[in-house]
Amino acid sequence: MAMDGSANPEDFVVGCVLSIKTTLGDEFEGQVITFDRFSNILVLQEGSKQGPRRNIRLLKANYIKEWSLLGQAEDPLDIKKCYLDLNSLQAREDSAIRQAEAEAERIGVGVTSEAQNIFDALSKTLPVRWDKTVIVVMNEVRVSSPYLPESVSGGTPAANDRVKKVLELERKRLQSRGPGQ
């Protein structure tokens with residue numbers, strides 16, 4: 001039973017297996033997991049030839065060019081037959097949390113956008129972190145507000161000079177861009 005994209009949402013019954021051609025040229029088969037009328041999104045589980053893994057595809061129903069009913073299968077959400085790799089999911093969650101925490105630590109609290117730009121410039125070539133409003137470079141050199149070369153303290157003379165040079169270059173770059181750019 002082939003239909004065009006103006007199919008009735010009631011035709012997308014949970015568990016039915018469809019062959020779908022999209023307006024973008026994709027062709028695939030999938031089992032209906034659910035259809036959300038409000039967003040007009042069809043959630044399909046694409047079968048895998050081998051193993052228990054499946055792809056889940058979210059498809060806006062208006063992108064369906066043609067579809068045909070291939071049959072009715074068992075409940076796709078039957079817990080006894082679903083496979084979730086919990087270790088993999090936990091590892092992905094842990095990685096995402098670590099990345100979000102690392103990104104949050106790179107944002108200065110209570111500092112100007114100029115200070116943040118200087119921090120970002122330093123971070124491209126050197127390990128940096130915030131200590132309240134002070135930029136700490138290589139765990140030894142400290143750059144305090146107003147983040148000028150004269151504001152650099154601590155560390156070895158070579159490290160100190162390197163940070164001062166990056167600060168000078170970044171200040172020149174920021175001045176050449178002009179205010180608000």
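Each residue, glycine too, has its Cβ placed from N, Cα and C.
Taken from TrEMBL, the feature domain 'AD' applies to 82-175.
For the domain 'AD' (82-175), the model gives a mean pLDDT of 88. Residues in the domain 'AD' (82-175) partition by DSSP class (helix H, G, I; strand E, B; coil) as 53 helix, 13 strand, 28 coil.
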